[in-house]
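Peer 1: One structure, as structure tokens, below. Some questions next.
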Amino acid sequence: MTPEDQEETQPLLRPPGGSAPRGRRVFLAAFAAALGPLSFGFVLGYSSPAIPSLRRAAPPAPHLDEDAASWFGAIVTLGAAAGGVLGGWLVDHAGRKLSLLLCAVPFVAGFAVIIAAQNLWMLLGGRLLTGLACGIASLVAPVYISEIAYPEVRGLLGSCVQLMVVTGILLAYLAGWVLEWGWLALLGCVPPCFMLLVMCFMPETPRFLLSQHKRQEAMAAMQFLWGSAQGWEEPPVEAEHQGFHVAQLRRPGVYKPFLIGISLMAFQQLSGVNAVMFYAETIFEEAKFKDSSLASVIVGLIQVLFTATAALIMDRAGRRLLLTLSGVVMVFSTSAFGTYFKLTEGGPNNSSHVALLGLVSMEPTDTNVGLAWLAVGSMCLFIAGDTQALWCLLAGLCLLHLRCPFHSGLCP
């Protein structure tokens with residue numbers, strides 16, 4: 001490693017002699033920031049139970065036909081795309097804490113518009129606003145958590161982001177089992193409001209404060225988060241002004257992980273996992289389940305379970321093995337689900353009256369009950385495989401993030 005490389009990899013904040021802080025308020029701050037991904041997950045899962053509820057709703061509540069239901073689920077991605085761009089600007093100019101506080105506004109405003117909706121356009125506008133908040137939160141929350149965490153707990157706290165997203169999806173599915181669309185939207189206002197309240201008492205990240213030449217505030221933030229601000233060293237001033245240049249993409253150490261990361265992101269999104277999350281209950285209704293809400297909850301539980309499992313075994317099993325395994329599982333599961341639809345279509349006695357709990361009954365049941373479990377099992381395998389792929393993707397992007405020279409000088 002050259003002297004220049006050594007200078008590039010100097011962290012923004014580092015303890016002398018390898019000493020480690022012992023503050024516990026960092027966990028409270030990380031929890032407050034993780035309420036953003038929890039709200040993000042709730043927005044993703046909201047459309048699944050809300051669409052059937054809106055189809056059942058009586059006037060004056062708005063009614064969704066098939067085309068409107070498709071837009072109701074998908075339009076959140078347009079807002080998220082815009083939120084990602086806006087969040088990138090906010091995180092550097094307004095700071096990490098203020099960006100999290102600001103993203104609570106479109107979360108609450110979007111759900112409020114949905115609650116008050118009198119027509120389709122208000123529903124779509126509310127979803128667009130919540131999507132905008134999702135894009136900001138998905139970018140800012142991981143940055144805030146990584147910058148407030150000291151190395152000994154950074155991996156643990158970083159794993160909470162994706163876990164909170166899938167927990168939010170599961171919460172939406174569970175609540176949608178008993179709540180109608182309006183009350184479910186009201187429940188969606190709770191996590192961002194709580195985040196807004198708690199984040200008011202949390203500090204800005206020391207890294208951002210130092211980059212703004214606010215050393216005293218940075219020391220106070222470290223004292224609050226880590227219990228001590230003594231002995232922590234700062235990098236050379238030049239490290240604060242490193243930036244990305246297109247010419248750096250000519251370096252194999254930059255463009256190779258960059259292309260790999262972009263490809264993984266594209267294939268993971270094209271796998272269709274978002275469609276399953278947005279329309280899980282509708283998919284199971286089209287599959288003619290008696291209790292599509294229960295099927296959706298089972299899928300959500302599997303997602304949370306395998307997200308936690310993937311986080312625990314990723315370092316031991318390896319990213320490449322998990323990516324390969326998850327790809328095989330997802331191919332098998334989608335093929336099985338397609339086979340289920342083919343076997344049940346057009347049949348007069350298909351699984352339209354099949355309950356998922358039918359197998360535990362002592363009464364004779366239709367043979368299509370087994371096909372019903374084939375459908376649920378295949379969707380669970382699909383979600384489990386995609387969860388493993390997503391964790392490996394995040395790990396790969398973190399590796400890219402750490403290897404890029406324009407980042408390494410500013411990473412704690």
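Placed from the backbone N, Cα and C atoms, the Cβ positions cover glycine too.
As listed in TrEMBL for this protein:
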type     : residues : note
REGION   : 1-20     : region 'Disordered'
COMPBIAS : 11-20    : compositional bias 'Low complexity'
DOMAIN   : 25-412   : domain 'Major facilitator superfamily (MFS) profile'
TRANSMEM : 26-48    : transmembrane segment
TRANSMEM : 68-91    : transmembrane segment
TRANSMEM : 98-118   : transmembrane segment
TRANSMEM : 124-144  : transmembrane segment
TRANSMEM : 156-175  : transmembrane segment
TRANSMEM : 181-202  : transmembrane segment
TRANSMEM : 258-280  : transmembrane segment
TRANSMEM : 292-314  : transmembrane segment
TRANSMEM : 321-341  : transmembrane segment
TRANSMEM : 371-400  : transmembrane segment
Peer 1: Summarise the model's confidence over the domain 'Major facilitator superfamily (MFS) profile' (25-412) as a mean pLDDT value.
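Peer 2: Averaged over the domain 'Major facilitator superfamily (MFS) profile' (25-412), the predicted model reaches a pLDDT of 78.
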Peer 1: Between the transmembrane segment (258-280) and the transmembrane segment (26-48), are there three or more CB pairs that fall under 8 A, provided the residues in each pair are separated by 6 or more in sequence?
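Peer 2: Per Cβ check, the transmembrane segment (26-48) touches the transmembrane segment (258-280).
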Peer 1: Mind checking which residues reach the transmembrane segment (156-175)? Cβ under 8 Å, same chain, six or more beyond either end.
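Peer 2: Apart from its flanks, the transmembrane segment (156-175) reaches 26-27, 30-31, 34-35, 37-46, 48-49, 141-142, 145-146, 149, 184, 187-188, 191, 277, 280-281, 293, 296-297, 299-301, 303-304, 307-308, 311, 387, 390-391, 394, 398.
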Peer 1: What parts of the chain pack near the transmembrane segment (68-91), using Cβ distances under 8 Å and only residues at least 6 beyond its ends?
Peer 2: 43-44, 47-48, 50-51, 54-55, 98-99, 102-103, 106, 120, 123-124, 127-140, 143, 274-275, 278-279, 282
